[in-house]
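Peer 1: Have a look at this one.
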There are 2 protein chains.
Amino acid sequence: MTRPSEDDLIARFFAPLATSAGADGLTDDAAVVPEGEGDLVVTKDMAIAGVHFFPDDPPGLIAAKALRVNLSDLAAKGAVPSGFLLGLGLPPDWTTDFLAAFADGLGRDITAYGCPLLGGDTVKVPGPLTLSVTAFGRATRTVRRRGARPGDLLCVTGTIGDGALGLAARQAERQPATAPDWLRLIAPEERAHLVDRYLSPRPRVALAAAVARHASAAMDVSDGLVGDLAKMMAASGTGARLDAGAVPLSGAAAAAIALDPALRMRALTGGDDYEILLACPPDRLAALRDDAAAANVPLTVIGEVTEGAEVSWTAGGQVLSFGSGRFEHF
Amino acid sequence: MTRPSEDDLIARFFAPLATSAGADGLTDDAAVVPEGEGDLVVTKDMAIAGVHFFPDDPPGLIAAKALRVNLSDLAAKGAVPSGFLLGLGLPPDWTTDFLAAFADGLGRDITAYGCPLLGGDTVKVPGPLTLSVTAFGRATRTVRRRGARPGDLLCVTGTIGDGALGLAARQAERQPATAPDWLRLIAPEERAHLVDRYLSPRPRVALAAAVARHASAAMDVSDGLVGDLAKMMAASGTGARLDAGAVPLSGAAAAAIALDPALRMRALTGGDDYEILLACPPDRLAALRDDAAAANVPLTVIGEVTEGAEVSWTAGGQVLSFGSGRFEHF
């Protein structure tokens, strides 16, 4: 099968996804971002095969995840998505089948999240598949990392650790001989849940407006809860007191940790959660909880912001130390 | 020398370039695009080492060109730059010296073009240096490729062909044994001019406002004048009559063509010009010329838009045919 030119490829796979007037059907070198109220928030995350995803992950999920990690950043800033640009660097061995599946996965998410493709660039790379997504959103108030104040309650959405444990499960799928014991012992549906959470993060777009209304500080949890929380407190010039026992776990993650207690560290410090960590003034918590319930987003209080610079984690009354990123005592 | 972490690298090399309030000092996952009047125009061009630039090009010029090709797209749409995002994929052998020079070149252009760094993403790639720039601009009217009307005059800024001939000159610099005769015969300062035009395009930002005021259609010339003009006419549903003899050439390009007449084809069909091709209604030409003169941008009429779909090039009364991109008669 001959492979299409760049123009043909864009016309065939991507122009159908570019329904916004400002995209001009992807027939031009630039797009016009839709008008809207509030701050125009932009974020850009790259994803490289072999670094951020496995080259043999399903193409539609590769595309969707590249978009979703950006929508997660927007949601954590309080921004509702309004469109995105796709930079696509195709490796020498790309196929039209790959692109068709890639565009199909992207199209589903464009519809699901109401986030049209506005434009982008397609190039060939003498290297791995390279994705660079720039996503736009509107926020009535852009919520920064640096706004937390002593007394604020620290909350996370959803569950923590599935992404990191799912990465291990996905690695074991690809190389079964290297699977650790817990992955051999865990129920198949729990293993599947973890792999799914790794391959298909669920950006908390539904909570974006509530974040803008209530949060004093927020960020998405992409590099591990412990590290990301430390960054948010450092940016805010505050400390925090956290209860590791309060950190919400999925049934699958709890089962994995029951089989191998050391996995609790991986759950707390691993990445790929794409949940929202936020600080909420106590007098806004009830309203935030109502908004989260209305958006069908689970929300859990895991600690509070303190004066000073110390971030302390406890569990069952015992102090935990993550030291240089290593989980030294639990 | 130990290499800095991603956060250190951002703080050291890029945060000083992010002076816009919306960039929040690059301490967050997202940026707020500055407010402004008119359409918010966005464009995204990737640049890959070994494809779009030579890995041993000067780092500051690699950075500047990655930004400038985007500013060129904006200017051709009538948009004045307001900021950009940088996606930076670092290959395994990156050095802090490289990054320091890269950031220095970027910083010069940020100042020169008034286009602040708003944010981005830095990742490691198991492949070539990968740049993905998303640039924003404001246009009082976004000028598309598709607006040309029969009777409009076709104009280009600057000179055509220096980029394509400069690419040949840069290749010869890197591999002197392969240099064609014309590069051995041309004056050193002319060779240097061509290399400079290839390495350092000059986006016509100064003409952006005039494009928005006067042009019925416009695009930047990045893939070769003949091909880009054909695209603009196809998008407009028009044909065109062009005088190849009117296409402006630099002294260096003219000297090269005098040495090797076949280079005229390369000048007209090669890429990397980053000049603006535009269609202008005849009654706006005088005002456009005045604005171009005030902006110190040379502007040349090279033909006119016609009914129908045929794009015909003549030179000295003879019809030229580029056939399937090949220069078949001149």
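Going from the start of the chain as shown, residues are counted 1 onward.
Glycine too: its Cβ is placed from the backbone N, Cα and C atoms.
What TrEMBL says about a protein is an automatic prediction, not a curated fact.
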Peer 1: Name the residue, out of A:D196, A:D220, A:D223, that TrEMBL lists for the same Mg(2+) 3 site as A:D29, A:D73, please.
Peer 2: A:D220
Peer 1: Counting each residue once, how many in the domain 'PurM-like N-terminal' (A:28-138) are helix, strand and coil under DSSP?
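Peer 2: Across the domain 'PurM-like N-terminal' (A:28-138), DSSP assigns the residues as follows: 36 helix, 42 strand, 33 coil.
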Peer 1: Show me the subset of A:D29, A:D73, A:D272 whose Cα is within 10 Å of A:D223 (Mg(2+) 5 binding site); these are the binding-site residues I mean.
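Peer 2: Of everything listed, what lies within 10 Å of A:D223 (Mg(2+) 5 binding site) (Cα to Cα) is A:D272.
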Peer 1: Is it possible to get the count of other C-beta atoms within 10 angstroms of the C-beta of A:R145 (ATP binding site)?
Peer 2: 24
Peer 1: Which ones, of the binding-site residues A:D73, A:D223, A:D272, are Cβ-proximal to chain B (under 8 Å)?
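Peer 2: Listed in sequence order, the binding-site residues near chain B are A:D73.
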Peer 1: A:D45, A:D73, A:D121, A:D223, A:D272: which of these binding-site residues has the sparsest Cβ neighbourhood within 10 Å?
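Peer 2: Result for the binding-site residues A:D45, A:D73, A:D121, A:D223, A:D272: minimum number of other Cβ atoms within 10 Å at A:D223.
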Peer 1: Whose Cβ, among the binding-site residues A:T43, A:S222, has more other Cβ atoms within 10 Å than any of the rest?
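Peer 2: Result for the most crowded candidate: A:T43.
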Peer 1: Reported as an integer number of Å, what is the Cα distance between A:T43 (Mg(2+) 4 binding site) and A:D73 (Mg(2+) 3 binding site)?
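Peer 2: Counting only the Cα atoms, the answer is 7 Å.
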